[in-house]
Structure formats: C-alpha cells, structure tokens
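> A single structure is presented below for examination.
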C-alpha cells in the first residue's frame with residue numbers, strides 16, 4: 001500500500017525513514033540491487049538505500065548508504081518523490097532521490113547482485129531479468145517512465 005507523503009500513515013507502527021538512490025547512467029538505465037539471502041524479501045529487486053539515522057540529513061544518509069552498499073560516492077542528488085509503504089516487517093517512508101553524478105563503479109558490497117534496467121524495459125521486468133520487484137519499487141518505476149531525463 002503506497003501513500004502520498006502528505007497522507008497520515010494508516011499503521012500504528014513507527015515510520016522508518018529511508019533514503020533511496022535512483023542512479024541514472026548516460027544510457028538511460030537505472031541501477032537495481034537484488035536483496036540477498038537473510039533479508040526480508042530476499043531475491044527481490046530494489047533501488048539501493050537504507051535507513052536515515054537520528055540527526056542525519058537525507059543527503060548524508062543517502063551518501064552513507066550508497067557508499068556502504070554499492071561503493072559509490074555521490075556528487076549530488078535531487079529529491080524525486082516521497083512515498084510510504086506498509087510492509088509486514090516495517091512501515092517505511094521512502095525519500096527517493098535521483099542521482100545522475102557519482103564517483104566509482106557500482107558493485108555489491110552486501111552480497112547483492114546489481115543490474116542496470118533500461119527505462120524502456122520497465123513494462124517488461126521479467127524479460128529484462130528484474131522479477132520480482134519489491135512492491136514499493138513499482139510506483140517509482142512507473143513515475144520514472146514519464147520522466148524526461150533519459
């Protein structure tokens with residue numbers, strides 16, 4: 001269940017703030033990572049990112065998470081959208097940021113596979129090899145289809 005950021009959460013559980021990076025390369029593809037064994041939704045594809053720690057800015061959290069997960073240092077990020085999703089294990093508010101400039105070659109540092117998904121293939125995730133996708137990732141992909149930065 002995805003909610004707009006200005007809606008009240010329907011869950012009595014605490015909201016987990018999450019910074020999410022949508023890395024966009026020059027070929028018009030976005031980077032997805034496959035959740036490793038041992039994590040909820042193992043095998044599902046998602047955008048890299050993670051929890052915002054207490055007192056941390058969104059950009060600082062995004063920078064830290066992308067360095068820890070995929071070994072890149074971001075030069076800049078632009079907030080793209082905010083959505084909430086009620087998973088069985090957590091209620092999350094995702095702060096999705098577009099990242100068009102970074103240093104380093106993305107590589108999985110947490111035993112996760114990485115892959116570049118061409119925006120033109122969003123409606124063919126299975127054929128492109130990115131199935132299944134985390135439920136909260138789908139609305140991000142849908143919005144990316146209409147973005148004119150590719």
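These residue numbers are counts, starting from 1, taken along the chain as shown.
From the backbone N, Cα and C atoms, a Cβ is placed for every residue, glycine too.
Copying in the features that TrEMBL gives for the protein in this structure:
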- 14-139: domain 'Nudix hydrolase' (DOMAIN)
- 35, 46, 47, 48, 49: 8-oxo-dGTP binding site (BINDING)
- 49, 69: Mg(2+) binding site (BINDING)
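Buried or exposed, and what's around them? Tell me for each listed feature.
Within the same chain, the residues at least 6 positions away from residue 48 (8-oxo-dGTP binding site) whose Cβ sits under 8 Å from its Cβ are 20, 21, 23, 31, 33, 65, 66, 69, 70, listed in sequence order. In the three-state DSSP reading, residue 48 (8-oxo-dGTP binding site) counts as coil.
Within 10 Å of the C-beta of residue 69 (Mg(2+) binding site) there are 20 other C-beta atoms, taking all protein chains into account.
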> In the domain 'Nudix hydrolase' (14-139), how many residues does DSSP call helix, how many strand, and how many coil?
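Across the domain 'Nudix hydrolase' (14-139), the residues distribute as 26 helix, 54 strand, 46 coil.
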> Taking the Cβ of residue 46 (8-oxo-dGTP binding site) as centre, how many other Cβ atoms lie within 10 Å?
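Around the Cβ of residue 46 (8-oxo-dGTP binding site), 20 other Cβ atoms lie within 10 Å.
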> Which one, from the binding-site residues 35, 47, has the smallest tally of other C-beta atoms lying within 10 Å of its C-beta?
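Across 35, 47, these binding-site residues, the one with fewest Cβ atoms within 10 Å is 35.
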> Quick one: average pLDDT across the domain 'Nudix hydrolase' (14-139), no decimals.
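Result for the domain 'Nudix hydrolase' (14-139): average pLDDT 95.
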